[in-house]
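Annotated features in Swiss-Prot:
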DOMAIN    84-192  domain 'sHSP'
MOD_RES   Arg12  omega-N-methylarginine
MOD_RES   Ser13  phosphoserine
MOD_RES   Ser15  phosphoserine
MOD_RES   Ser27  phosphoserine
MOD_RES   Ser90  phosphoserine
MOD_RES   Ser91  phosphoserine
MOD_RES   Ser94  phosphoserine
MOD_RES   Ser106  phosphoserine
MOD_RES   Lys131  N6-acetyllysine
MOD_RES   Thr182  phosphothreonine
MOD_RES   Ser184  phosphoserine
MOD_RES   Ser207  phosphoserine
REGION    78-213  region 'Interaction with TGFB1I1'
Amino acid sequence: MTERRVPFSLLRSPSWEPFRDWYPAHSRLFDQAFGVPRLPDEWSQWFSAAGWPGYVRPLPAATAEGPAAVALAAPLAAPAFHRALNRQLSSGVSEIRQTADRWRVSLDVNHFAPEELTVKTKEGVVEITGKHEERQDEHGYISRCFTRKYTLPPGVDPTLVSSSLSPEGTLTVEAPLPKTATQSAEITIPVTFEARAQIGGQEAGKSEQSGAK
């Protein structure tokens, strides 16, 4: 099967700036995820709950000693946070949605300009690639590169795969699913007797009677 590159439409606003700062001025260095699925809204509640592995209960002396005691707990929470996040991302969490008639995958690529993204299909697989050379950001110099592959559902026509880029930097790749064969209504077929067989039997009986005479 030949390789096919999928063009994507831009849904950018007129004032879009590809290299503008997407995050507040106090963004941290580890807030530079790219090429990863968008995190569900429920995760923000999960991260702040006492049930997740990265949660650290404030030290008893925190109220008495002020911010210094809270700072001691922060280094303990950060590694656990990253371990839990990596476990979730490596376990197959992804924005893949499939309805009765459509297959769709969403990917956060806000660090890449449109010309730095490539979407193509080959042998029933959608491959998304993003790459930009070293450039300066608020933390220094950085270059990024990623490749993600998704298997198309059986029966999907690769030539019908399309993609679009939203103003928020979310790449959406989708394709229509093949229509299932509709089952016909139940029909009762009557059984009929062939008249020729009956006529043939009567003629054979007459010939036997004439031969006996």
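Every residue gets a Cβ built from N, Cα and C, even glycine.
Separating the Cα atoms of Ser106 (phosphoserine) and Lys131 (N6-acetyllysine) is a whole-number distance of 18 Å. On the 0 to 100 pLDDT scale, the model's mean across the domain 'sHSP' (84-192) is 83. In the domain 'sHSP' (84-192), the DSSP tally of helix, strand and coil residues is 13 helix, 53 strand, 43 coil. All chains included, 13 other C-beta atoms sit within 10 angstroms of the C-beta of the residue listed as 'N6-acetyllysine'.
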